[in-house]
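Here is the structure we will look at, set down as structure tokens.
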Amino acid sequence: MSHYAIILAAGKGTRMKSDLPKVLHKVSGITMLEHVFRAVSVIEPAKNVTVIGHKAELVREVLDGQSAFTMQTEQLGTGHAVMMAEEELAGLEGQTLVIAGDTPLITGESLKNLIDFHVNHKNVATILTATADNPFGYGRIIRNENGEVTKIVEQKDANEFEQQVKEINTGTYVFDNKRLFEALKNINTNNAQGEYYLTDVISIFRENGEKVGAYILRDFEESLGVNDRVALATAEDVMRRRINKTHMINGVTFQNPNATYIDVDVEIAPDVVIEANVTLKGQTKVGAESVLTNGTYIVDSTIGANTVITNSMIEHSVVEKGATVGPFAHIRPDSMLKEGVHIGNFVEVKGSTIGENTKAGHLTYIGNAEVGSDVNFGAGTITVNYDGQHKFKTQIANNAFIGSNSTLIAPLEIGDNALTAAGSTITDNVPADSVAIGRSRQVNKEGYAIKKPHHPSQQK
């Protein structure tokens, strides 16, 4: 039998106090909506419908091409939101999962278990529930003396007895698709919120003698709905612990997993060592037996095996195996450091390719450059690549030696085995096997310093 899914993503999220729609706030690198969509994908729905409303086009962009969409122009409650999906799902045979787009911690495994429970028990509706130590703010699951679910009562509508119930509604359900839309035609807004409650269909099913069940989550944390920044931080904390635990199980060493921040799509090979206060974001990949020391920050980059990154930032770049970077280096976007490269302290590389075994030990800027293998950069070298309007390229061939405090003014080519003298400003191409000296000759004026105020002879 086919499965379908409705993701509710139309709300503004007023308590977030943000111009961004609530479901587009990120947890561990991707939006809450994407987390939910990935979990839903585990049940392999024949059709997925996302209900959008507030800033609909922004929300649509996130799942464009992956989901059907329907508009809820007025936010009149969860029941009303599901009504908007009828055009996409009306008349279809099967089970429909309904889930909120602000529940990023739900897992695909739990949703699959929920679907299986629903089908195996032949329910017309199944509620995903959880047991809360503090149930305030949640809808309560009310059962009869036989343990059967009779209704769901929202916090504002609950009496004193019902408020003591700790089994709560997570806001996720599975329904017989046809019966869901039939029942929705019979709900109304006679409640404290003046909204169409999706939960009212449960009472309708019970009144008709139809079977309603509840599947209890094993992990209460999965039920978290994010309505404000406090809950967003909680979700981030839980997700971080999950991610880091998975990497540790897979053979990665963490000095302090509570102080290491890794996005959900990051890939890390076994035997990598990660010290505290490391951040790995986006689509970053780290090869086996690499070491990332305290303070390293890497975004959307590929780090090869056996590399050592020491307290440095790497963005949108590739670092091949055996390279060392840092401390305090900055590898800016579109750079490639090839095998065995050494980039030392206070070196910045931008939009450049650095060849095998090349070394830039300290205090160097390499921008828009093509650098060969076995090149050595002396301290204080700068590629001058920008004239205020255009960027120009510096090309340095294999085994060149760039003397300390060289200024390389692009466009410029330096040939194989060439050398630039320390302190030179190089403006013309340097042929292979040549030495380039671009500095004025030193002149010593003997006795001249005696006339200066600092000289002892001038002191009274």
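Every residue, even glycine, has its Cβ placed from backbone N, Cα and C.
Over in Swiss-Prot, the protein carries these features:
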ACT_SITE  His362  active site, proton acceptor
BINDING   8-11, Lys22, Gln72, 77-78, Gly139, Glu154, Asn169, Asn227, Arg332, Lys350, Tyr365, Asn376  UDP-N-acetyl-alpha-D-glucosamine binding site
BINDING   Asp102, Asn227  Mg(2+) binding site
BINDING   Ala379, Asn385, Tyr386, Ser404, Ala422, Arg439  acetyl-CoA binding site
REGION    1-229  region 'Pyrophosphorylase'
REGION    230-250  region 'Linker'
REGION    251-460  region 'N-acetyltransferase'
Return the member of Ala10, Asp102, Gly139, Asn169 nearest to Ala379 (acetyl-CoA binding site) in space, with distance defined Cα to Cα and candidates limited to these binding-site residues.
Asp102
For Tyr365 (UDP-N-acetyl-alpha-D-glucosamine binding site) and Asn385 (acetyl-CoA binding site), determine the Cα separation and express it in whole Å.
10
Counting across all protein chains, other CB atoms within 10 angstroms of the CB of Gly77 (UDP-N-acetyl-alpha-D-glucosamine binding site) number 21
Going along the chain, which residues at least six beyond the ends of the region 'Linker' (230-250) come within the CB cut-off of under 8 Å?
16, 25, 27-28, 32, 104-105, 221, 224, 257-258, 260-264, 266, 268, 270
Span of Ala379, Asn385, Tyr386, Ser404, Ala422, Arg439 around acetyl-CoA - largest C-alpha separation, Å
22
Is it possible to get the count of other C-beta atoms within 10 angstroms of the C-beta of Arg439 (acetyl-CoA binding site)?
15
Of the residues in the region 'Linker' (230-250), how many are helix, strand and coil by DSSP?
20 helix, 0 strand, 1 coil
Mean pLDDT for the region 'Linker' (230-250), rounded to an integer?
98
Quick note, Gly139 (UDP-N-acetyl-alpha-D-glucosamine binding site) and Asn227 (Mg(2+) binding site): C-alpha atoms separated, nearest Å, by 15
